[in-house]
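Novice: Quick paste from Swiss-Prot:
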type	residues	note
BINDING	159, 280, 281, 286, 315, 378, 386	D-glucose binding site
COMPBIAS	484-494	compositional bias 'Polar residues'
MOD_RES	232	phosphothreonine
MOD_RES	485	phosphoserine
MOD_RES	492	phosphothreonine
TOPO_DOM	1-10	topological domain 'Cytoplasmic'
TOPO_DOM	33-64	topological domain 'Extracellular'
TOPO_DOM	86-90	topological domain 'Cytoplasmic'
TOPO_DOM	112-118	topological domain 'Extracellular'
TOPO_DOM	143-153	topological domain 'Cytoplasmic'
TOPO_DOM	175-183	topological domain 'Extracellular'
TOPO_DOM	205-269	topological domain 'Cytoplasmic'
TOPO_DOM	291-304	topological domain 'Extracellular'
TOPO_DOM	326-331	topological domain 'Cytoplasmic'
TOPO_DOM	353-363	topological domain 'Extracellular'
TOPO_DOM	390-399	topological domain 'Cytoplasmic'
TOPO_DOM	421-429	topological domain 'Extracellular'
TRANSMEM	11-32	transmembrane segment
TRANSMEM	65-85	transmembrane segment
TRANSMEM	91-111	transmembrane segment
TRANSMEM	119-142	transmembrane segment
TRANSMEM	154-174	transmembrane segment
TRANSMEM	184-204	transmembrane segment
TRANSMEM	270-290	transmembrane segment
TRANSMEM	305-325	transmembrane segment
TRANSMEM	332-352	transmembrane segment
TRANSMEM	364-389	transmembrane segment
TRANSMEM	400-420	transmembrane segment
TRANSMEM	430-450	transmembrane segment
């Protein structure tokens, strides 16, 4: 249980799984660069079909639909996670849904040749469905195959895959690469290649040992996989912990989404999970990238698109930093630091945006605030909400919890994308004050309600929530408060 050995089979399995995270990031960012070119495609295609030419309102609506339909697919996919992982397992589920990525990529890649707006929109919907499923599968699989002492560091690799995907999409979208009138279908269809690579590699990755033992009762196979992944023969304590959880599961009824909100021992962790997902999407990170190009242009940057890519590089670098910090500082501490730093930068951005017309040097202050804001995001609110959900729940409720948390993330992402342009139009630079208020609310919630899970087994975390529920009915202070410490469980194998 206390192993910190990093083995080749473990790294291989996690790397293959994070291809799904890369796909999510890539398909999130890929639509932005060729916006003008795709609008021209929509206009040309509709003109060929009918007279009179399409109105600007229709074109804007179709473009908005092409962008937003991705999030709609993500909502549906994220809420369907449990349907796959409980029936097929974690690894097989990732393998099966790559068919969606290939189908969606083909539709988008061939939409120009077919002169079909419908193929583009349907392809975005299907790829959104795929990415929504991946946002549940990947953190769950990584969390279940990782040693307790390294679970947070490996869990952060999910976010690293996402930001690398966004960065690659930004780079490929440059006019000198694939962001041209002729090559943009290849830019969208590129998602087929990672899907094929993952399909080829997944058969060589083991199934989650927790799924095999707890769900399938295949103890020997689970033990063999743990020994191979962790590079140690001494996995008896971990196997016993899984067997104890399996026994508890057999005495409980199957956990549904409604049960998560009804049962006292699940209610607090699911509320924490939802709030952490909201803290990611309502932090203002999308607003920062929305404003960044204009700010870089005002500061005299000749090619603001390259500066935006630079912000993406900062995004990636600080996600790597988070990988090394999360097991040292703890999830809760990093999330608090991230939220606090972002709140300060939001205020600084508001002030500098309001004054940059009067003081030209304020544009450089604003650029600095943007880069630091992005860095703080990747230290806490970026990576932590994805993998901490898997830590807060046992094997039984975990799929349903991942579905609810993922759906709340996708839904809030969709709403921010829908409402932010109007908010920015009416509020201008003051829009960041709204995000500052959200960040302060989430900081307070995290400080008082979010436990530290570093170094604790799934069973220990679950028992702590159950203990709080039981003692809470007697008006006593529950043991979950002890988890707000950043001290990990002592290594009993030492």
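Any Cβ shown, glycine's included, is placed from N, Cα and C.
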Novice: Would you mind listing the long-range same-chain contacts of the transmembrane segment (91-111), meaning Cβ under 8 Å and 6+ residues beyond its ends?
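Specialist: Contacts of the transmembrane segment (91-111) (Cβ under 8 Å, skipping residues fewer than 6 from its ends): 17, 20, 23, 84-85, 117, 119-120, 122-127, 129-130, 133-134, 137-138, 141, 185-186, 188-192, 194-196, 198-199, 202-203, 205-208.
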Novice: Sequence gap of 6 or more, Cβ distance under 8 Å, 3 or more pairs: do the transmembrane segment (305-325) and the transmembrane segment (154-174) meet that?
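Specialist: In contact, yes.
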Novice: For residue 286 (D-glucose binding site), which residues of its chain lie six or more apart in sequence with Cβ-Cβ distance below 8 Å?
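Specialist: Residue 286 (D-glucose binding site) has long-range Cβ partners 413, 416, 417, 420.
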Novice: Rank the recorded positions 232, 280, 315 by the number of other Cβ atoms within 10 Å of each Cβ and report the first-ranked residue.
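Specialist: Selected residue: 315.
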Novice: Determine, to the nearest whole angstrom, how far the Cα atom of residue 232 (phosphothreonine) is from the Cα atom of residue 159 (D-glucose binding site).
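Specialist: Answer for this pair: 28 Å between alpha carbons.
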Novice: Verify whether three or more Cβ pairs under 8 angstroms connect the transmembrane segment (11-32) with the transmembrane segment (364-389), leaving out any pair fewer than 6 apart in sequence.
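Specialist: With fewer than 3 qualifying Cβ pairs, these stretches do not touch.
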Novice: Test the contact criterion for the transmembrane segment (119-142) and the transmembrane segment (11-32): 3 or more CB pairs under 8 Å, pairs 6 or more apart in sequence, then answer yes or no.
Specialist: yes
Novice: Measure from the Cβ of residue 159 (D-glucose binding site) and count the other Cβ atoms within 10 Å, all protein chains considered.
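Specialist: Looking across every protein chain shown, the total is 28.
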Novice: I'd like the per-state residue tally for the topological domain 'Cytoplasmic' (326-331) from DSSP, helix first, then strand, then coil.
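Specialist: So the counts come to 5 helix, 0 strand, 1 coil.
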Novice: Note down the number of other Cβ atoms within 10 Å of the Cβ of residue 386 (D-glucose binding site), including every protein chain shown.
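Specialist: Cβ-Cβ neighbours of residue 386 (D-glucose binding site) within 10 Å number 28.
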Novice: Identify, in sequence order, the residues in the chain of residue 378 (D-glucose binding site) that are 6 or more apart from it along the sequence and have a CB within less than 8 Å of its CB; answer 'none' if there are none.
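Specialist: Residues satisfying the criterion: 159, 163, 315, 318, 319, 321, 322, 338.
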Novice: Among 159, 280, 281, 286, 315, 378, 386, which the record lists as binding D-glucose, how far apart in Å are the two most distant Cα atoms?
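Specialist: Max Cα-Cα spread across the D-glucose binders: 17 Å.
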Novice: Test the contact criterion for the transmembrane segment (65-85) and the transmembrane segment (270-290): 3 or more CB pairs under 8 Å, pairs 6 or more apart in sequence, then answer yes or no.
Specialist: no
